[in-house]
Amino acid sequence: MSLCTVEINLSTIKNNYLLLQDVCKTSLVGAAVKANGYGLGAVQISKALIEENCRHFFVASSEEGVNLRNALGLDVNILVLNGVFEHDALELIEYNLTPVLNNLKQIEIWQKFSNLKNRLLPCYLHFNTGINRLGLSSDEIEQLINDRDLLKGLDLQYIISHLAISEEIDNPYNLEQLNRFKAYLQYFPNVKASLANSGGIFLGQDYHFDLARPGAALYGLNPLTKNPVTLKAPIIHLQNLTLDSHIGYNMTFTTKRDSVIATLPLGYADGFSRNFSNQGEVFINSRSVPIVGRVSMDLINIDVTDLPPSEIFLGQEAEIIGNYCTPDKIASIIGTIGYEVLTNLGSRYKRKYIG
């Protein structure tokens, strides 16, 4: 078992959810728990949010949906964002999973199984309004508008779209997407709608519609919500090195003084990027400590020379992620995003849930 521990504060996640619910006021708020709850534990997070009356959970695939359904029971809505495919349609039906249909082919597949089961099957439709990943194209939407038989046999519960740049409040593309979405919705006046992701929630009430779908903001990846994650690693080795000693693979760091170097038991096999080599930092008792040398598969070295001697000992814990080094702050060091930091948290870490 790993010596490193990821601590997830479920109370913080619930408080983040309540903050988002307060912003949305009259709209429902669901939760994106895909990628195992952004690496933090989809089952544990979903169970915590159910306590706050969250009833809509978004996953990427049928496999994620089945795992969540087995853990949560039937009293919640589980939506599969990647939609339905021939190979998993029966599984979606068996586990009462609702696909988000992204193209006419997926609509055709879901209709086929509706006929096979001789009953209406629930679905969401995803209209592409400009992010250009998934979603029905404008031509496909026009076909649906002109031929409602294309939706025969389907229980259309929501029409959704996804914002491309919602974290930039003043970007005009947000309004372009909103207006495009509203124009499509005019042809489906009795269907509920969902547009806002985490950033979209803070763009204003016009973006909220009937259901918001935050992910990142639940996990503290937003300036207005709090970080619920702490990753700590103990010092497992200490050594005193003289001036001009080389550290790690390829000798990329050379000491410029007599130094005290500590080793921590995590590395790129645990999702801690090699890009942190010679430029990342950890914290010990609120003091910043630099990473020196290459990040290797299972180990990193840190320079603890400037710490008080009383704080340098085997077993002393270093904070890799926490209040001093949030996922977003860490990500900025290596030019990525906090989402990637969280979803890369390795399976070898012990996970501890509090709150």
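A Cβ is built for glycine as well, from the same backbone N, Cα and C atoms used for every other residue.
Marked as active site, proton acceptor by Swiss-Prot: K34 (among others). Taking a C-beta cut-off of under 8 angstroms and a sequence separation of 6 or more, K34 (active site, proton acceptor) has the following same-chain neighbours: A42, F58, V59, A60, E64, L81, G215.
Residues or ranges marked as N6-(pyridoxal phosphate)lysine in Swiss-Prot: K34.
Residues or ranges marked as substrate binding site by Swiss-Prot on the basis of sequence analysis: R133, M297. For R133 (substrate binding site), other Cβ atoms within 10 Å of its Cβ number 9.
In the three-state DSSP reading, Y249 (active site, proton acceptor) counts as helix. Residue environment of Y249 (active site, proton acceptor) contains 13 other Cβ atoms, counted within 10 Å of its Cβ in all protein chains. If you look up Swiss-Prot, you'll see Y249 (among others) marked as active site, proton acceptor.
A straight line from the CA of M297 (substrate binding site) to the CA of Y249 (active site, proton acceptor) spans 11 Å.
R133 (substrate binding site) sits 40 Å from Y249 (active site, proton acceptor), taking the C-alpha atoms as the reference points.
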